[in-house]
Amino acid sequence: MTGSSPPLSCQQVDNTLHIPALSCRGGFDFSLLFEELILGILPLGIVLIIAPFRLYHLFWRQAKVVASWLLWAKITAWLALGIVQLVLAVYWARPAATRTQASIAANAIITVGFFILCLLSCAEHLRSTTPSFLLNIYLLFTLLFDIAKTRTLWLRSSGQTDETIAILTSVTVGIKFLLLILEAVEKRHILRKGQSGYPPEATAGIFNRSFFLWLNPLFRSGFSKILDVEDLFDLDKHLSSRRLYSTLETLWDKVPKKNPNTLLFISLKAFKWPLLSAVPPRACLAALNFCQPLLLHRSLAFATEPVNNHTNSIGYGLIGAYILVYIGMGVTMGQYQHMTYRTITMVRGGVVSMIYNKASRLGIKDADPAASLTLMSADIERIVQGWQTIHDIWGNAAEIALAIYLLERELGVACVVPVGVALVALIGCLITLSFVVARQAVWLEAIERRISSTASMLSSMKGIKMLGLKSAIMKSLHGLRLEELEISKKFRRLLVWNMALGWTTRIFAPIFALGAFYGIMHSRGKDSAFDMSTAYTSLSLFALLADPLLSLVMALMTFVGSIGSFSRIQEFLEKDDHVDCRLKPLHASYESFEPKAMVLVDDSDATETASDRSIHRGKSVYHDALTVKNATFAWNVEKEPVLKGLTISIARGSFTMIVGPSGCGKSTLLKAILGEVPCVNGEIRLSSDSIAFCDQIPWHMNATIRESIVAMSSFDKEWYASVVHACGLVQDFEQLPRGDETVIGSKGIALSGGQSQRIALARAVYARKDIVILDDAFSGLDAATEDYVFHSLVGIHGLLRKINSTIIVASSSAKRLPYADQIVVLDKMGYASEQGSLKALNAAGGYVSSFGLGSPEWKSEIDKPSVTDLAQPKILRPNRTEAIKEDPRRQSGDLSIYLYYIRSIGWLPTRLVLTDMTGIWVKWWAISNEEDPNGRTGYYLGIYAMLGAVGMLSLIIGCWEMVINMVPKSGESFHRKLLATVLNAPMSFFAATDSGSILNRFSQDLQLIDMELPVAAINTFATLILCLAQMILMGIASRYAAISFPLVILAVYSIQKVYLRTSRQLRFLDLEAKAPLYSHFSDCLNGLVTLRAFGWQPALEDKNFQLLDYSQRPFYLLYAIQRWLTLTLDMVVAAIAVILIVLVVTLRGTISAGDVGVALLNVILFSQSIKLLVTFWTNLETHIGSIVRIRSFTETVSSENLPTEKDDVPPNWPWGGDIEFKSVSAEYRPSEPVLGDVSLTIKSGEKVGICGRTGSGKTSLIMSLFRMVELSSGSIHIDGVDITKIPRQEIRSRINGVSQSPLLIKGSIRRNMDPNGSYAEKAIIEAIKSVGLYTKIQEKGGLDTDISEVFLSQGQQQLFCLARAILRPGKVLVLDEATSNVDAKTDEIMQRVIREKFCTHTILAVAHKLETILDYDKVVVLDAGRVVESGDPCTLLSTEGSYFSRLYASSMALAEEQ
């Protein structure tokens, strides 16, 4: 060509950044200058820029690793590398060297750089527990670069000097390889003392982390044994819940809460670095994804090129490129997902901790355990799901943009068509997103209502069974479930719509685009332009456009859903904190206020009495422990106050009793003292915040008796023995099979009422607090036990007196008033009508004087317990060893669960085969068009469109059928089975099973089945069929590639066998480890008043952190092993791709370009599909555990109903009320008898009182009548019918019962009175009127008012339950200590109602107040589960030495003395 410059020589080209020509080293090489600057100086420069900052960071750290042989080996290797590089620099400076203009400078800089890196290596070794990330990355990449450079130097060497340079460069490559090995060696075995305890991941190097090798020990353990949480790796310090909470809470406190997404923003800010750490691997993954169509395009061109040295070199380069791209994709995918899940774990740890912390600071009215639990389960799960794809939002957007750009290069203006399809799909998705948050919120609210009612049911199982309300509760709760599922359908429709939009681009974009391309080319007269290369490159780009779009649609939907959950949690966090209106002291004591004149008795004698008694306590009581000055208290400041104008002073170390009629506000006053009730006016001041509290209904956590008593205090053996003795628990421990190691169950369900009350008392006493507040804490005890416990604790030598505690007791009974230093009387209006000592109040006349009480008679000093005896095994028995039932399905799995879902999918996979057939159809179309341009275009395009349309239609129909119809049906079925299992379970099950574990199945498991499992199931099965179809197509296209498939299948089989044996166990552990967390959360909220009174919030928050960390271990590791699976399967894809390209290179000329296109296109599609498959399958595998757990629960929890209990009973049974116990022995659990050989006959219409000391078996006898304990022998007949042969529900619905603990169901007054909806409104009103509650209920809004808004006191609740009993049919009434917790007036009302409304009934009454049963026809005395005496009460009283007379004498001793 005229005027053109001559071609450059190889030496000249090496002095530029250009790629050498074909004549220079085959044209397959870099120029030397490029290798020196770009591949040599650039990476070193980056490292040298970072190195000073890293050195500075390491300088301030303490040494963590000992200077072992490894350090000296590294130093030696680095110095050797520097010396060799120095020699190399000298040789490059010699005149004979064929160098570039940068050779001398580049080698000199590299030499200096190596010595600097030697210094960095020493610092990294000594002051970091992990191998250096920076040095490993540098050595890895520059090793590959140096290999390329060494090849160049050997190819261009033309003299001795050049050959020596090539040899020295080869030596540096060898030393770098050695250094890479040395720097990658982990330092776990050479850590200094005090630096041990790191989990494997925390000390793993880059290669270990990149390929998840640190998980191998876990896989070995999971493969060989049943795993427990304790077998799992500990969390590293960055995942500590306490640390995460501190980070998040600090930011939360600083920012204004004006935006509803504030919590989301501060979460992003708090965990920005972990979140951003996933950006580089995600960006690399996007870049590597788009190397695939470029490689495909080049491979198709290569398949048609002639065979020569140049093309052979290109072939080898393609093999190397495939290896790098596909392995790189696997590593970057694994790392980006792992970093994302690590961030999710951090968010979960921080947000759950914030929910708990906030819940512990709420007022009593706002502390709804079920609502908070929904946030911790359903909403946190939505956040976890939403953040899994958070990086896919920007990553997929970038990939879509790249795909559009590359499509434009391939198809020209025709690319507008698929872009238009993608845009329509995206806009449609964005429109639906605007509805997602609102519809999800409504659904979650419905879940919250159901869980709240379920939690209420679980806490009241004894009452539900006793009243025979199983059917009513089943109907009510299942109705809430059906309502919830119906509401969820609105959200599910959005899900189906979004899935359809996501698949639109994948199915229709290729059809429209190739049709448009062909039309444009035909109009330009280029019919032959549609060839193999264009077809398959375009199809690969369509895949890379459609899959990111599908992923983007799903990512947007889940992330928007997570935003809604963040908003719900933020709304919870923004609730007002509990405000403590009390004034607390700045120092130990202060002078009391002057008493304010009001309707009080000025009692100068009270001080004298207290002063006299202070002699025995040894401490001054002239300073007040509590002063209330003109204070008004209201639960709702906008409504009428409950307590008004109170002025009370309570001396330190004194014993004060608060009394008054039922509903006067005694409990409210105690809670006001605890700071739980808002103070509208006046003030309340405490001398100490060291307070113990025992509530009217005892609160317990699910723990052993000892743990319940010691609670958050430290264990003191002697003090513990004293407290146990004083609370009369020694005999109970002797009777219990495990002594004080007996687990009491959720809410103390395994205990009798008296035992529960005394354990709560023991906890209050054991804490040794300055102020002890007891809310009617002695009422649930029999007379003898009550007298003993009272004098042991409050008597002149009582434990509380000895430690000088100020004792404040609210009581419905007046019998202990003579012992009080001070008495405070509240009237019905909430005013303090009287205040002073008994003597002064008796003299003044009024409420107290009406009881006619005299001076007290203090008991002599109670015998001290034998601490040695209490510590012996006979009392404190350890748990008996129980065999752990290991479920082998945890390792091996249960295929039937998956088969169930495969059957649910039906014919949906057919669409997938049709969709994937389009690849072969395009091949046939392209071949036909090459042979006969525009010959049968309409035919091929029409069939192509038909395949896509049929596939799309079947997808929509299949998804709709499953998501809208089948999933709700299965969800309804699972709930019905689960609820039926719980309602049919025996009482022993609830005593042995934590309520949180049961509730977890109703919340977490059902939520996963409803929300996550359907999507995971559809996507998994769809993508599985795609993968199988693509493998078949690859085999058809390349018979040689098909040879490798058996090896691939064997590899995948081996992988899944190793993986599933561990993953299934982690899946179970993940779900099970949440149960203790949920139980703790629920327990703490139920006992919030007690916990705040004791000041245990910090200790329980620590426990919450521990339980959260405990649950985080399987949660985090489950996601980690899923990433291991992703990486491993990506390596299988890489192997397939490399095998295919090797065959293309080696068999070039024997394989057609069409077959190459089909095979390589399906490798790209397969790689995309396998990633989706792993994502979807791991989600499915995680969520299917919920079905396994529910099915296991329903199969393993035995029903209390026996096959023999099938006899029918007449409609009017029991018609008389004759009851006969025939040699009855009963037990809650095998070998733990509670009744022994009880024989008893009760005639129709008789009124029988059952008495005995606490724990004697009274309640168990009653429970046997309701068939709530199992009869080991004997039988019970009612009106001649053997109740052991009729259904238990039938018995309970025919016998009328009122228990000690009032049963109030969530809902309206009407629903509580008539759960089955059987009675007219008039009958309900009459029943309520008969107990004197109708006026109060009417004032609050009538029968349809929610019962929680009526604020019934304990006594009023008991009256309400008696009113409910009036409505129920049957001739047998059972009263289980029904009047033990009420005051004298309420007791009088109840006795009147019983006499008037149940005069024709047979009545069995368990009584602690023996005076209430003196007019009964018969009394039965129990001891140790046996009837020791029965007969007419008057006759037994007059019989000297009878059990009943002794019991009665003990209960009435005080009255007789007075």
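Keep in mind that glycine also has a Cβ here, set from the backbone N, Cα and C atoms.
The ATP binding site annotation in Swiss-Prot covers 660-667, 1252-1259. Feature annotation from Swiss-Prot assigns domain 'ABC transmembrane type-1 1' to 283-561; the stated evidence is sequence analysis. Positions annotated as domain 'ABC transmembrane type-1 2' by Swiss-Prot, on the basis of sequence analysis: 933-1182. The domain 'ABC transporter 2' annotation in Swiss-Prot covers 1219-1449. Under the heading N-linked glycosylation site, Swiss-Prot lists ASN208, ASN309, ASN630, ASN702, ASN804, ASN879, ASN1316. For 70-90, 102-122, 165-185, 314-334, 387-407, 411-431, 501-521, 541-561, 940-960, 1016-1036, 1040-1060, 1156-1176 (among others), the entry in Swiss-Prot reads transmembrane segment.
Structure with Swiss-Prot features highlighted.
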residue: ASN208; record: N-linked glycosylation site; CB count, 10 Å: 19
residue: ASN309; record: N-linked glycosylation site; CB count, 10 Å: 9
residue: SER662; record: ATP binding site; CB count, 10 Å: 23
residue: CYS664; record: ATP binding site; CB count, 10 Å: 25
residue: ASN804; record: N-linked glycosylation site; CB count, 10 Å: 17
residue: GLY1252; record: ATP binding site; CB count, 10 Å: 27
residue: THR1254; record: ATP binding site; CB count, 10 Å: 25
residue: SER1256; record: ATP binding site; CB count, 10 Å: 24
residue: LYS1258; record: ATP binding site; CB count, 10 Å: 29
residue: ASN1316; record: N-linked glycosylation site; CB count, 10 Å: 13
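Here the CA atom of LYS666 (ATP binding site) lies 34 Å from the CA atom of ASN1316 (N-linked glycosylation site). In the three-state DSSP classification, THR1254 (ATP binding site) falls within coil. Fewest other C-beta atoms within 10 Å: among the glycosylation sites ASN630, ASN702, that description fits ASN630. Applying an 8 A CB threshold to same-chain residues 6+ apart, the list for GLY660 (ATP binding site) reads LYS666, VAL825, LEU826, ASP827, LYS828, SER833, TYR847, ASP1383. Using a 10 Å radius centred on the Cβ of LYS666 (ATP binding site) and all shown protein chains, the other Cβ atoms total 29. The predicted model assigns the domain 'ABC transporter 2' (1219-1449) a mean pLDDT of 86. Residue pair THR1254 (ATP binding site) / ASN309 (N-linked glycosylation site) shows a Cα separation of 99 Å. Counting only the Cα atoms, the space from LYS1258 (ATP binding site) to ASN630 (N-linked glycosylation site) is about 46 angstrom.
Put simply, SER1256 is the one of the binding-site residues SER662, CYS664, GLY1252, SER1256 whose Cα lies nearest to the Cα of ASN309 (N-linked glycosylation site). If one looks beyond the transmembrane segment (102-122) by at least 6 residues along the same chain, the residues whose Cβ comes under 8 Å of a Cβ in the stretch are 32-33, 36-37, 40-41, 44, 47-48, 51, 54-55, 71, 74-75, 78-79, 81-82, 85-86, 88-89, 92-93, 132, 134-135, 138, 183. Proximity of distant same-chain residues to the transmembrane segment (165-185), defined by a Cβ-Cβ separation under 8 Å and at least 6 residues beyond the stretch ends, is recorded for 70, 73-74, 77-78, 80-81, 84-85, 87-88, 91-92, 97, 121, 131-132, 135-136, 139-140, 142-143, 146-147, 149-150, 153-154, 157, 205-207. Secondary structure at CYS664 (ATP binding site), as computed by DSSP, is coil. Tertiary proximity for the transmembrane segment (70-90) is limited to same-chain residues at least six positions away from its ends with a CB under 8 Å from its CB atoms, namely 104, 107-108, 110-111, 114-115, 117-118, 121-122, 125-126, 165, 168-169, 171-172, 175-176, 178-179, 182-183, 185, 187, 190. Secondary structure at ASN1316 (N-linked glycosylation site), as computed by DSSP, is coil. The two recorded residues, ASN702 (N-linked glycosylation site) and SER1256 (ATP binding site), show a Cα separation of 23 Å.
Nearest to ASN208 (N-linked glycosylation site) in space, judged by Cα atoms and limited to the binding-site residues SER662, GLY1252, SER1256, is SER1256.
Separation of the C-alpha atoms of CYS664 (ATP binding site) and ASN804 (N-linked glycosylation site): 29 Å, rounded to the nearest whole number.
Ranking the recorded positions ASN804, GLY1252, SER1256 by the distance of their Cα atoms from the Cα of ASN630 (N-linked glycosylation site) places ASN804 first.
Distance noted between the C-alpha atoms of GLY1252 (ATP binding site) and ASN804 (N-linked glycosylation site) is 33 Å. ASN208 (N-linked glycosylation site) falls within a helix when secondary structure is assigned with DSSP.
Across the structure, ASN804 (N-linked glycosylation site) and SER662 (ATP binding site) place their CA atoms 30 angstrom apart. When secondary structure is read from DSSP and collapsed to three states, ASN804 (N-linked glycosylation site) falls in the coil class.
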